[in-house]
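Accompanying notes for the structure given below.
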Amino acid sequence: MSEQLVTPENVTTKDGKINLLDLNRQQMREFFKDLGEKPFRADQVMKWMYHYCCDNFDEMTDINKVLRGKLKEVAEIRAPEVVEEQRSSDGTIKWAIAVGDQRVETVYIPEVDRATLCVSSQVGCALECKFCSTAQQGFNRNLRVSEIIGQVWRAAKIVGAAKVTGQRPITNVVMMGMGEPLLNLNNVVPAMEIMLDDFGFGLSKRRVTLSTSGVVPALDKLGDMIDVALAISLHAPNDEIRDEIVPINKKYNIETFLAAVRRYLEKSNANQGRVTIEYVMLDHVNDGTEHAHQLAELLKDTPCKINLIPWNPFPGAPYGRSSNSRIDRFSKVLMSYGFTTIVRKTRGDDIDAACGQLAGDVIDRTKRTLRKRMQGEAIDIKAV
């Protein structure tokens, strides 16, 4: 469990009330204790909040009237609102969600046997990966716990209300939306705790995945805070290419990154002994057969499966998508080494909801100095 201090600065709303979506179960129990109530009341309220997506205390029928009145005075359940919805021809739904004066994007991806929700962790991103639309928007701020878990809450409420249309309930959550999750550990971890909690969304730890570009000290800290599935945004077979397309590699190179991944795997049960490697396919940049051989050699000591991701274009990007034939040749080389290799099916690209296309609406774009400061905060273990 994380130990984020509950203070008015990080959980109160503009109305001076506590937003209960900001609290994991440990914090919720402390909140009810401060109200003079038994801890089980926290469990009851969480069940209403997350099992039934209820944000009205009056509808919580197993809570006595006096306590409901007390809760209405000091607390609320306020998830961020959907301000725009786009539906893809393949069933994918993208929601633009208001977080203060900005927007982030959340994507619902239904499949035959599951439904995955792609969740954002920051408004914008500080890492400046060259092939990603989010990075081109700059960085504004971290999302609060309520703004992260609130994306899941809002999506679950919408999908739950639309069961008659055949939409599947959310079975998987991936922290692969806007932002670098490891640069916002103090909010991302409590949000994931709620996803896993039986009184929260009750997801299996194997069905909650965090994706990172390689903030190594924060990855080491993550392993001591929570156990979830891990995916890494590698995207290159060597440091020369990765330095160019994933600039954080200049600080934490591939060898350092993969060593941290192996340390995480030693602690984790959620990963079942292997990590997911994400590798975006950029035409004549990182997609040659020689690159595939280099990648296989690079990963020989890291138990993994490899997801090859056809690059999804956005305006002004300097890259092209690898052809199907180049992706096929690349994949066959990896499989010849015995790697489980999957070519990810592109979903939602007609509504700019595919991997690397999320942009949101970042207001007051910050300059490079703030991005450097943001990276420094994550690298300083005391600050994450």
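Every residue, even glycine, has its Cβ placed from backbone N, Cα and C.
What Swiss-Prot says about this protein:
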- Glu105: active site, proton acceptor (ACT_SITE)
- Cys355: active site, S-methylcysteine intermediate (ACT_SITE)
- Cys125, Cys129, Cys132: [4Fe-4S] cluster binding site (BINDING)
- Gly179, Glu180, Ser211, Ser233, Leu234, His235, Asn312: S-adenosyl-L-methionine binding site (BINDING)
- Cys118-Cys355: disulfide bond (DISULFID)
- 111-350: domain 'Radical SAM core' (DOMAIN)
The one of Glu105, Glu180 whose CB sees the fewest other CB atoms within 10 Å, among these recorded positions: Glu105
Candidates Cys118, Ser211, Leu234, Asn312 (recorded positions) - the one closest to Glu105 (active site, proton acceptor) by CA: Cys118
Cys118 (disulfide bond) and Asn312 (S-adenosyl-L-methionine binding site), distance between Cα atoms, whole Å: 16
Segment confidence, the domain 'Radical SAM core' (111-350), expressed as mean pLDDT: 93
Among Ser211, Ser233, Asn312, the most crowded of the binding-site residues [Cβ within 10 Å]: Ser233
Span of Gly179, Glu180, Ser211, Ser233, Leu234, His235, Asn312 around S-adenosyl-L-methionine - largest C-alpha separation, Å: 19
Rounded Cα-Cα span from Ser211 (S-adenosyl-L-methionine binding site) to Cys118 (disulfide bond), Å: 11
